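Features as listed in TrEMBL:
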TRANSMEM  B:15-36  transmembrane segment
TRANSMEM  B:48-67  transmembrane segment
TRANSMEM  B:79-102  transmembrane segment
TRANSMEM  B:114-133  transmembrane segment
TRANSMEM  B:182-199  transmembrane segment
TRANSMEM  B:228-249  transmembrane segment
TRANSMEM  B:255-275  transmembrane segment
TRANSMEM  B:282-300  transmembrane segment
TRANSMEM  B:306-325  transmembrane segment
Amino acid sequence: MGVVRENLDRVARRYRALPGPARVALVVLLVVLVYLLPLLRPPIITTNQIDFGGVMFAIAAFALVAVGLNVVIGYAGLLDLGYVGFYAVGAYTTGVLTSYHAHWAFFLALPVAIAVTMVTGVLLGWPTLRVRGDYLAIVTLGFGEIIRIAVTNVEWVGAARGIKDIPHPPNIGPDPEPPFGDGGLFTIPSLQWDGIVPSLDSGRETTFLVFGAVSAVPYYWLVLSFLILILFADRLIKDSRVGRAWEATREDEDAAEHMGVPTFKFKLLAFALGAAVGGLSGSLYASSQSGYINPQSFPLLLSILFVAAVIVGGAGNRWGAIIGGTLVAYLPERFREFADFRLLVFGLALMILPVYRSQGLLPPRRTIRARAAAEEIEHLEGRDEAPTEVV
Amino acid sequence: MNFSFLVNHIVELSITGLALGAIYALIALGYTMVYGVLQLINFAHSEVFMYGTFAVAWVFVFVHGTTSVNQTLGGTAGLLLLSLLAAMAMSAAIAMLLERVAYRPLLKRKAPRLMALISAIGASFALSELMGLRDRVVGWVGLRDDLDNYVSKARDVYTNPVTIQPQTVFTVGGYGVKDVDIMVIVASLLMMVALDQFVRRTRFGRGIRAVAQDPESAALMGVNATRVIRGTFILGGIMAGAAATLYMVKIGSTRQNAGFIFGVKAFTAAVLGGIGNLRGALLGGLVLGVAENYGAAIFGTQWKDVVAFVLLILILLVRPSGILGESLGKARA
Amino acid sequence: MNRTTRVWRAGAVVLAAGLALTACGSDDSSGDGSSSGGDCTEQNLAFLGALTGDAGALGVNMANGIQLAVDEYNEDAECEVGLKKFDSQGSPDKAPALATEIVGDDTIIGLVGPGFSGESLATGKTFFEAGLPSISPSATNVTITEQGWTTWHRVIGNDNAQGAADAKYLTDTVGASKVYVIDDAQDYSKGLATVVKDTLGDTAVGYDEIQVGQTDMSATVTKVTAAKSDAVFYGGYYTEAGLLVKQLRQAGWRGTFMSGDGAEDPAFVKVAGQAGNGAVLSAPAAPAPEDFAAKVKDDTGSEAGLYTTQSYDAANIFLEALKAGNTEPKDINDFIGSYSGDGVSGPISFDDKGDIETSTIYAYMVKDGELDTENPTAIE
């Protein structure tokens, strides 16, 4: 396939050729590097005019959402245009439990938020997953809107005012005393670059480990940690019987059903798991830097961007989802100097991408193999062109 | 909950709801036809409609200037016809462009359906943003000052200077029925009958149905699928242009993001009636428009979209393929 | 082999392009914060608000006011002050990362903004915990100053003041006995409409909510006409306000239409057309004096608009603090707290919550298809 793929494959081959301990060391090094990225502030990729830590948080959150939605769209083949609804349910459950009606600790509210979102997913999926694919798209879109309008208008969840003062995750070390006491165990300065010469920037410090309002980096670390956890879980489940059942269902639902796969059950499972990850990211978002959510944060457009992230990356590939999420969250912030033209360029990019990479940037291996096989069959049958071209 | 209000004002709520629903229905036709032929959700169809609304306003500004005046429906009939043609031309052109740029390259490459959706989403963003940046765009070609009336404050709401003042035609149940509402309903019905007949009776319509049923067999029978697909987009565009004109008669203002909400509603209407089904789109649109008004009356206007979507979910539960549930291909002549 | 070279070459191109972009990008943010004398350290004011997007025009109005204040200050200042603008697009989601950038920038001594209430609520904690003083020219939500953020101030009357004045205007000046209250369910709108509704008491005969972006108001129109109301108060922004009054008039409703500062914009009249005539739009802001408007036009090349005067005043408070020799955030914050003076928008001093102490609400009239921005009536 493409250059990207070939190079990745080559990298993967070299990686596999390494002895075991070296592989572990390499992975650890890479992960550490990713964790430190907002402090290293490498030139070129660091955003200006907007805090790089905040952008990295947004990227990690988007990647997490994309990995969750990838289960629904990529694995199970269900087009969900209302994913923001789950995100909102997670965020609002957290807000209600920790601030608006009760004062639970964040890590107590988090599992409840995930569970509530999962139940919401089952409740929505139970009746609607029986309808055909494209109908599902509009039903989920409607669901996202229903959630948004409901939280805008129901006083019990703060209506248009939203929910304020959602507590942050617990700190490690002494609590800070704003506006002057820093708290935490120690502070980590970040780097600033003059060309390629780094130096310490004392103005941008991150306190380990204080979830305050001043630095977004701890939140980034938290989301990144969850992302890594979810990736492990995703890998386990994808390679299990469940993953194969999803694949069978996606490729040919009737055939899968005939082979004894309870397709409805597996679709519902994918829907619920996807919802749970959406709820997790929503919950993390609610307790992030500002500790403030309001209905405006959950527009329909966000659902569309989520879907775009998954498909741009390559539906069905978890790394593709991460790349897609990263691009969708990062590019508009990196190129802020285009200000007014950001969305226009984004739209054009979305139009151009499918023409050149019709499977997304990083399609799953099996899709590539399947496509190659299909092309071979067509070739053998002597039909090189699409039916539409035969006039 | 306020059922007595609904009962007391049922005539008024029904008629204004039908007028809105008729506009939904006209836009829904574009979604439904493209879906019937390609099995793709043309996400950018909302922008086709939005460009039509601007065409209408531009015609009025061109003739009247920007000073706002009141007019009756009869007083602007000529200008309305002219703007109808302009809107149809504009929307059809945008639809054609969309097919050429966002769809045909993908169909050629046999890209997965989801990718076509992404392309359409991208096209929708790009078209909407282009309208919102039109002052810059004309600035690049040096026409910024000449076209000031058409492009200034590009992201802001843009209004038809001529306000059409509705007149009461007759009174039913204490409510004076307005000529504008009647015109909107009748005009969209006419457009829809015309389209229905076109698809059922003409050679080209037969081509559309053939491709919708089975593209490969249609190709074997000598149907030029590329042409049929382009024609389908253009027909949808023409309908959206008509919808845009009626919208501007009723509402009078538009904006670069005005298409989005109407697009979502129209798509809902198409699914409600049974996607791929022309008569279903009509029925779906009308049901949706009326249901929204009733819902607004009972629960409060803020809940009207919720009413619309809940209705959709309920109907899909009972009839999983929409109210009329027939595909475009099966529409018998 | 061949492939490798190509990849490297592509990488080099991307790298170069990135470098070029970084170079362009950093120009506008760091360029203007120059210092003239040798003893000067770079100091900047920051602006946080919508500069692009659908509410971008308002943010540009604000930025122009600040720019004028800064330019006037720099004419005879020992150490020049720069202005760094941060575009939030009005979104509470984007604002926190921008706020973090602002508080991480040591050269920034104060913030004019945030522009809107949502982003104020989303960033207030960040500015407070970092100890950066801020003065908002336009965020009117009542709850912001109830958070205990001692660094947060505003030079505009909050929604309580405006809502109470609007209700009074409807009953006393208009003489309305049945007012229908409508809003668009946004934070600002609902806050304002609720104050009006509560102040009116029994005079408010009905209440409905529409949605932002809604264009067909027929159900709401039916409700208003059915209630036989003689006035409508709408909390929301000019687009929906214009469409609402137009559709009310088309249905033959003849009462008085009133709305707040969200609708106080010439675009309201554009949308409403002749139907806008007789509408009353309130705002906690006097029109920009003529000579001030001329100065803005001279300095920035754009017209003064809504919130330009408030932004100018807010920036001037910071600049006066600098003139008085304050450079530490805490000193500047204390200076603001005890500030008292006359701005172009009116007399300015803050109570201990950071709200402006005296604000006059003005009623602007729409006559003959135009919003009369010159001669508002002060609501006593």
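Including glycine, each Cβ sits where the backbone N, Cα and C put it.
Automated prediction, rather than curation, is the source of TrEMBL annotations.
Most Cβ pairs under 8 Å to the transmembrane segment (B:15-36), among the stretches B:79-102, B:114-133, B:255-275, B:306-325, belong to B:255-275. Stretch with the most C-beta contacts under 8 angstroms to the transmembrane segment (B:228-249), considering only B:48-67, B:114-133, B:282-300, B:306-325: B:48-67. Highest Cβ contact count with the transmembrane segment (B:79-102) among the listed stretches B:48-67, B:114-133, B:282-300, B:306-325 falls to B:48-67 (criterion: pairs under 8 Å). Same-chain residues lying 6+ beyond the ends of the transmembrane segment (B:48-67) with a Cβ under 8 Å from its Cβ atoms: 27, 30, 79, 82-84, 86-91, 94-95, 98, 127-128, 131, 149-150, 158-162, 236-237, 240-241, 243-245, 247-248, 254, 256-259, 262-263, 266.
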